[in-house]
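Per TrEMBL, the features are:
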DOMAIN    1-152  domain 'NADH:quinone oxidoreductase/Mrp antiporter transmembrane'
TRANSMEM  7-27  transmembrane segment
TRANSMEM  39-58  transmembrane segment
TRANSMEM  65-87  transmembrane segment
TRANSMEM  93-115  transmembrane segment
TRANSMEM  127-147  transmembrane segment
Amino acid sequence: KAHVEAPVLGSMILASILLKTGGYGLLKVLSLSSVTLPPFMTSFILFMIFLASVLCFLQTDLKKFIAYSSITHMTIILALAISEYVHFRVGSIFLMISHGVLSNSLFFLVGLFSMESLSRLLYKQSNLMLTNPVLWFSAMMVLFLNAGTPPSVALV
């Protein structure tokens, strides 16, 4: 809810700095402890990733879409961070960095969309490809990178 009600700059700061600070704190706490989580907790986290992904695709507000996408990414980071493997923890750091850059870009693009079409609703963006193809192309590139396609760091 904080992403949706905040102005675009506030959402960008929240996505880039505050969420990463929490992720870094989680990694520090997990590196200091030797507690392993029970298997049902891992299954619960994987279910939460699936649920957040489904909720993400049901959104019509672009800021809500990006917020649920952030929840999905941060839950994937949690799943990687609680792993006992060092490579997974390094992957969670890479994913945190890429999420910081990509979610910032997405919130910035939503700000541009809402200035262009005077709405954040997805169905009101249908003429964007015709009126501003450069903005549309950059949005598609950032969305594909956010989804974790191969040239992206988010492909973890």
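Cβ coordinates come from backbone N, Cα and C, glycine included.
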Between 7-27, 39-58, 93-115, who has the most Cβ pairs under 8 Å to the transmembrane segment (127-147)?
93-115
Beyond the flanks of the transmembrane segment (39-58) by at least 6 residues, Cβ under 8 Å:
65, 68-69, 71-72, 75-76, 78-79, 82
